[in-house]
Protein chains: 2
Amino acid sequence: MTKLLNQITILKTANIAAPIGFHADGQHVGIKHKSKDLGWIYSDAIASVAGVFTTNLVQAAPVQLDKQVIQNGQLQAIIVNSGNANAVTGKIGLTHAKSMQEMAAQQLNIDSNLVAVASTGIIGNVLPIETITRGIKQLKVDGDTQGFAHAIMTTDTKEKSITIQSVIQGKPVTMSGVAKGSGMLHPNMATMLGFVTTDINIDATLLQKALSEDVETSFNQITIDGDTSTNDTVLVMANGLAGNPLISEIGSEYDQFKEMLHIVTTALSIAIANDGEGATKLIAVSVTNAKSAVDARMVAKKVVGSSLVKTAIFGKDPNWGRIIAAIGASDVALDPTIINIKINQINVLLDGTPVEFDTNMMASKLNEHDIHIDIDLHMGNESGQAWGSDLTYEYVKINALYTT
Amino acid sequence: MTKLLNQITILKTANIAAPIGFHADGQHVGIKHKSKDLGWIYSDAIASVAGVFTTNLVQAAPVQLDKQVIQNGQLQAIIVNSGNANAVTGKIGLTHAKSMQEMAAQQLNIDSNLVAVASTGIIGNVLPIETITRGIKQLKVDGDTQGFAHAIMTTDTKEKSITIQSVIQGKPVTMSGVAKGSGMLHPNMATMLGFVTTDINIDATLLQKALSEDVETSFNQITIDGDTSTNDTVLVMANGLAGNPLISEIGSEYDQFKEMLHIVTTALSIAIANDGEGATKLIAVSVTNAKSAVDARMVAKKVVGSSLVKTAIFGKDPNWGRIIAAIGASDVALDPTIINIKINQINVLLDGTPVEFDTNMMASKLNEHDIHIDIDLHMGNESGQAWGSDLTYEYVKINALYTT
């Protein structure tokens with residue numbers, strides 16, 4: 001267990017069903033050849049819900065459905081399949097998403113308007129709805145809770161989950177998150193999915209506000225290949241069973257909630273970046289002293305998204321020329337002659353001028369798995385971060401050899 | 001010779017010095033190990049000039065210099081080196097660019113304000129100015145005119161040039177162009193450079209207008225890796241020696257000039273895309289029936305720039321899911337349910353619905369070198385195009401293995 005500020009504790013074992021009153025399952029039901037491909041999350045009590053979705057105009061059927069479902073701010077269950085994205089599947093796609101929703105509601109004996117649906121996998125293939133509805137009947141309320149994180153994976157090589165605990169107004173509270181995604185849009189596989197459960201008692205409007213603000217600095221700051229999925233979905237369920245007084249206005253409890261949410265979403269974001277398709281490196285770009293936080297995030301994301309920076313890091317090349325060129329192309333007003341750049345703590349550019357560095361020490365630093373690029377813009381006081389992975393032969397292989 | 005509309009003829013042999021009164025040379029002077037690395041273009045008469053430059057805020061010294069030089073609309077010579085970009089080289093960089101300018105002016109016995117400078121190559125290394133000034137003394141007014149196109153190459157594998165001829169108001173006129181670039185920004189190599197010479201008599205203001213408009217549909221519509229160079233430069237010199245009455249207002253002669261310019265810049269753009277780093281394919285995306293030409297170009301460029309589309313084409317995968325996802329992420333208002341997509345003339349999506357196609361025929365089409373993706377948005381009457389290359393192991397290799 002790791003103690004953080006504000007007495008927030010990260011548990012050694014993560015579990016999406018850890019908060020009071022949450023249940024989950026994840027099983028193999030036959031959508032994919034062998035691995036787990038169907039799972040759900042269920043809350044004993046109706047939870048406040050918040051969601052953010054892909055900004056792609058091409059939106060998968062479950063995304064279209066969920067946007068309606070969460071409008072009244074309430075949710076009790078989420079049913080998720082991998083292996084098929086149910087995207088660009090015509091009108092039958094929405095019918096299938098609704099069938100998934102209704103079948104899950106029936107099994108859980110709740111109103112179907114309280115069930116959200118998510119799908120991830122191949123685009124353009126009709127959902128094998130009979131396999132899925134048969135599969136839903138196999139799911140248990142108290143099933144393989146660890147299995148849920150696996151059931152939503154596609155080309156992911158690692159499960160991505162976190163559970164944290166804290167105390168709000170004397171009440172112990174728990175928050176868990178799971179995510180999947182190793183490209184913003186996979187081969188034909190699609191999608192970043194993220195699900196957060198918590199027993200904290202919080203108003204749905206504030207929950208949505210917290211999530212909408214948070215994703216700007218977490219999930220929206222990861223980039224693997226610059227492509228935006230048709231299925232990206234993040235849902236947060238807060239069922240209130242921790243018994244803290246309802247958080248219904250901005251104040252210290254809301255701030256604490258936001259801090260917890262940020263720890264969960266940032267951890268999941270870094271886990272996704274770390275598991276980028278074909279990645280050998282995690283690249284973390286930190287921009288300080290920007291005029292605005294938006295500027296800082298734009299610069300960070302431009303650098304971490306540059307194919308040339310990504311290939312340089314793969315090649316263990318301290319190629320700051322590509323970094324400064326990406327900064328200059330970020331559409332942010334800045335002065336190249338006052339910028340500092342560090343690569344894993346070694347200065348490479350000071351006040352826009354190249355710095356001689358110890359090439360042996362740099363070579364050793366570039367052998368590390370985590371590459372930190374620190375950029376000081378000297379323009380103001382705001383900061384921002386972004387995360388990504390290197391661009392490798394394996395990325396090309398994964399994305400070139402997968403054939404529809 | 002190929003006859004086009006408006007009696008424009010493409011010559012079999014291209015030469016930047018083909019228009020009346022133009023001269024050129026390209027030599028090896030020792031900036032690079034073996035290949036040609038210094039060249040110039042010279043016009044007997046002072047020419048009208050127009051230029052467009054990188055939008056990157058980090059601008060190489062020669063770019064900063066040229067922006068001032070062309071302000072009075074006149075130019076007589078361009079001196080260009082490869083092997084070193086003279087970018088992010090501090091204050092000494094501008095001093096070196098001016099030295100190049102002055103030395104070339106001295107050798108040609110013209111005013112230094114009539115000389116533009118361009119550099120391409122490694123970023124952040126101080127220009128070997130003594131090698132260059134010594135080299136300038138070796139250049140001849142009537143030198144190796146074909147060599148100029150080679151002297152400006154970096155990782156390019158092919159020379160890129162074109163010469164066309166037509167008649168304006170009874171006067172035969174000639175226009176030539178050369179370009180270099182195989183990534184928007186190379187390893188540490190940088191840059192797209194383009195130079196157009198013509199003997200057409202045209203006012204400098206109209207020339208700038210024509211160029212500024214033209215690049216929106218030509219050079220700005222190529223993307224290799226989404227990175228923007230610190231050195232991108234396109235210069236057009238029109239010396240008027242063809243003797244046609246001065247084109248000083250918009251009308252049929254101006255339209256003909258624009259058409260000629262577009263043929264030259266588009267041919268060079270396609271040649272650059274075709275020579276993308278590590279490319280095995282040319283990808284040409286054509287968008288029709290968009291609400292506006294800007295929309296059409298945005299969609300085309302988003303698709304041709306998608307890493308997932310580029311890897312799919314490398315893998316000969318007719319992965320229209322990635323194409324429609326890129327279209328949806330283009331920030332253009334559109335309706336995914338009415339879009340048609342063709343890959344090399346085979347329908348894959350009709351009215352937003354997947355079309356069954358002959359997989360053998362598709363496999364054979366995807367073996368072709370040129371891959372045409374045609375997108376009908378069904379939203380209006382405007383169209384646009386973009387060009388790029390596939391994303392290959394070789395691209396990663398070129399960009400990962402090059403070490404500063």
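Backbone N, Cα and C define each Cβ position, glycine as well.
Keep in mind the model is a prediction, meaning the values are calculated, not measured.
If you look up TrEMBL, you'll see A:T154, A:K180, A:T191, A:E277, A:N399, A:T404 marked as substrate binding site.
Taken from TrEMBL, the feature active site, nucleophile applies to A:T191.
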Exercise. Which ones, out of the binding-site residues A:T154, A:K180, A:N399, lie near enough to chain B that their C-beta is under 8 angstroms from one of its C-beta atoms?
Worked result: A:N399
Seminar exercise, completed: Counting other CB atoms within 10 Å of each candidate's CB, the least crowded of the binding-site residues A:T154, A:K180 is A:T154
Seminar exercise, completed: Per DSSP (three-state), A:K180 (substrate binding site) is strand
Problem set entry | Three-state secondary structure, which DSSP defines for A:N399 (substrate binding site) | helix
